[in-house]
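Copied from Swiss-Prot, the annotated features are:
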- Asp79: Mg(2+) 1 binding site (BINDING)
- Asp79: Mg(2+) 2 binding site (BINDING)
- Asn215, Ser219, Glu223: Mg(2+) 3 binding site (BINDING)
- Arg304, Tyr305: (2E,6E)-farnesyl diphosphate binding site (BINDING)
- 79-83: motif 'DDXXD motif' (MOTIF)
- Phe76: site 'Plays a critical role in the stabilization of intermediate cation' (SITE)
Amino acid sequence: MALSNSNSTTATVTLPDTLRFWPWQRHINPHYSACKKASSEWCESFKAFSPQAQRAFNKCDFNGCRIGCDLMNLFFIIDEHTDIASAETARTQANIIMEAIRDPEMPRSENEWVGGKAAQQFWLNATKSATPSAHRRFIDAFQMYMDAVVQQAADRSKNYVRDIDDYFVVRRDTIGAKPSFAICELYLNLPDSVMEHPVIMKLTELCIDVIIIGNDLCSYKVEHEHGDDGHNLITVVMNQFKITPQEAMNYISDLHDKLAVQFLDEWKNIPTFGGPLDLEVRTYCHGLGNWVRANDSWSFESERYFGKRGIEIQTTRQIEMNIQSHL
C-alpha cells in the first residue's frame, strides 16, 4: 500500500518502556574501549561518510569486541549508502559486498564502491576466529540481509508500505540480527541439528522480532524527520489501522510484551544435547537475551536517534516530533 497524503502537527509522544521486565541487564565488554577506538579508526579510513555524517557517526558507541564493532561499522557503511540508493544501485552494492565476503582473498578494485573493501577487511579478520559453522551461517545470513536491503530499496522507490505480516518477513532480515547472531556464535561449534531445533529457532525469531520493535520505536523520530520512515513498524501500523503515532507505539508495545513473554516462556524449554554442547547452547541463547538489552542501551546511549538527550529520554520516555499523520 502506498502512503496517502499527510497532515503535519507537532506533538509530544511517549516511548513505551518495553524492557521494564527484561531480565538481561546492561553490561559492557571489558575490551570495549580499545576495540571501539581501533574499529572506529578502521571505519573512518574508508571515507564512506559525508563530513556531517562522519561527525555524527564518531559520537556513537558500539557493543562488543573488535569483530562485533567492525560488523556494526560495516552495517553503518551499508546503511549510509543503500538508504538513498535505487533498487538497481542497491543490488550492485549488495553483489559487491557478497563477492568480497564469499571470496575475501580476491583483490578489490581501487575504483570499486568502498563497501566492498570494508566487507573484505572485516571478514578477513573475522574468519581468523570463526568456527566452520559460524563461518557458514554468517555468509548465509549476510546474503539474506543484503537481499532484504535491496527489497527495502525497491519498496522505498515505489513509496510502498507493507502490511504488518509482510513487513516482518522483510524486516527480520534488514534488521541485521541474523549475521549479528552468527558473530555471537563465532567461537561456538553448534551443529545444524541444534540451530534447527524448533525451540532454538523459535527463540531466535522471537528475539529478532523484539529487537525490531525496540529499534523501530527509537529510530522512528529520525527516520520520520528525514522522510524515510516507510520501512518502520510504526508507519506500517499507522498505515494499516489509520491510527496516530502514539496509538501505533502503544499497539506495538503490547505486541512487544506478548513476544517477550513468549521468549521467556520458551526459554524454559531449551533442550539438552549432552556434554559440552549444552554450555554452548546456553551461551548462544544468553547472547540472544543480551542482544535485546544491548540494542536498547545503544539506542539511547549513542547519539544516533536522540542526540545528546538520549539518557534523559530513556528516563522520561517523552519526545517531541513533527507528526505527519497518514490518515
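Positions of Cβ are set from backbone N, Cα and C atoms, glycine also.
Here the features listed in Swiss-Prot are placed on the structure.
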residue : record                : Cβ contacts under 8 Å, 6 or more apart
Asp79   : Mg(2+) 1 binding site : none
Asn215  : Mg(2+) 3 binding site : Ile175, Asn295, Ser299
Ser219  : Mg(2+) 3 binding site : Asn232, Ser299, Arg304, Tyr305
Glu223  : Mg(2+) 3 binding site : Asp229, His231, Asn232
Compute the centroid of the Cβ atoms of Asn215, Ser219, Glu223, then list the same-chain residues not in that set whose Cβ lies within 8 Å of it, in sequence order, for the Mg(2+) 3 site.
Asp216, Leu217, Cys218, Tyr220, Val222, Asn232, Tyr305
Residues of the motif 'DDXXD motif' (79-83) by DSSP state, where helix covers H, G and I
4 helix, 0 strand, 1 coil
Which number gives the other C-beta atoms within 10 angstroms of the C-beta of Arg304 ((2E,6E)-farnesyl diphosphate binding site), all protein chains shown included?
19
Other than its own, how many Cβ atoms are within 10 Å of the Cβ belonging to Phe76 (site 'Plays a critical role in the stabilization of intermediate cation')?
19
